[in-house]
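Q: Annotations per Swiss-Prot:
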DISULFID  Cys53-Cys55  disulfide bond
DOMAIN    61-105  domain 'CHCH'
MOTIF     64-74  motif 'Cx9C motif 1'
DISULFID  Cys64-Cys97  disulfide bond
DISULFID  Cys74-Cys87  disulfide bond
COMPBIAS  115-124  compositional bias 'Basic and acidic residues'
Amino acid sequence: MSYCRQEGKDKIIFVTKEDHETPSSAELIADDPNDPYEDQGLILPNGDINWNCPCLGGMASGPCGEQFKSAFSCFHYSQEEIKGSDCLDQFRGMQECMQKYPDLYPQEDDEEEAEKEKQNKEAEPSVTQSSDTKEESSS
């Protein structure tokens, strides 16, 4: 016999094997585009930027969040023929802020160099002889 249990915001439904064998009669409910908690993607239906989109990777809420929002908004709403060409000051401001926090915003060059150094260290032979061993082998 199937039954349902509510735990906080979650509804847990226990079903039997027979329940699984019969076709579902559940009706799907259309998503509410005005639901503020519903993931809408980067651009909301009204054309605004969804600063809570996980696709931004938290950039809008970090220590340089305001600079990021300024630069990204400028680019998004840019009407220039070369989109974003009117946003250089905002992007420079964002870059200057990010350079103050290299641990949070590593530059691609820094990441590539660190990876190359790591690979070089792993590839180097780590065999060293002590001076005692060298003397014994030469006698």
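Heads up, the Cβ atoms here are built off N, Cα and C, so glycines get one too.
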Q: When you measure from the Cβ of Cys64 (disulfide bond), which residues in the chain that are at least 6 apart have a Cβ under 8 Å away?
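A: In sequence order, Met94, Cys97, Met98, Lys100, Tyr101, Tyr105 meet the Cβ cut-off.
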Q: Can you tell me how far the Cα of Cys55 (disulfide bond) sits from the Cα of Cys74 (disulfide bond), in Å?
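A: Rounded to the nearest whole number, the Cα-Cα distance is 18 Å.
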Q: Tell me the Cα distance separating Cys53 (disulfide bond) from Cys74 (disulfide bond), rounded to the nearest angstrom.
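A: Given the Cα positions, Cys74 (disulfide bond) is 18 Å from Cys53 (disulfide bond).
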Q: Over the span of the domain 'CHCH' (61-105), how high is the average pLDDT in this prediction?
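A: It averages 94.
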Q: Looking only at Cys53, Cys55, Cys87, Cys97, the disulfide-bonded residues on record, which one has the least crowded Cβ, with the fewest other Cβ atoms within 10 Å?
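A: Counting other Cβ atoms within 10 Å of each of the disulfide-bonded residues Cys53, Cys55, Cys87, Cys97 gives the minimum at Cys55.
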Q: Starting from the Cβ of Cys74 (disulfide bond), draw a 10 Å sphere and report how many other Cβ atoms land inside it.
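A: Result for Cys74 (disulfide bond): 16 neighbouring Cβ atoms inside 10 Å.
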Q: Between Cys53 (disulfide bond) and Cys87 (disulfide bond), what is the CA-CA distance rounded to a whole number of Å?
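A: That comes out at 22 Å between the alpha carbons.
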Q: According to DSSP, collapsed to three classes, what secondary structure does Cys74 (disulfide bond) have?
A: helix
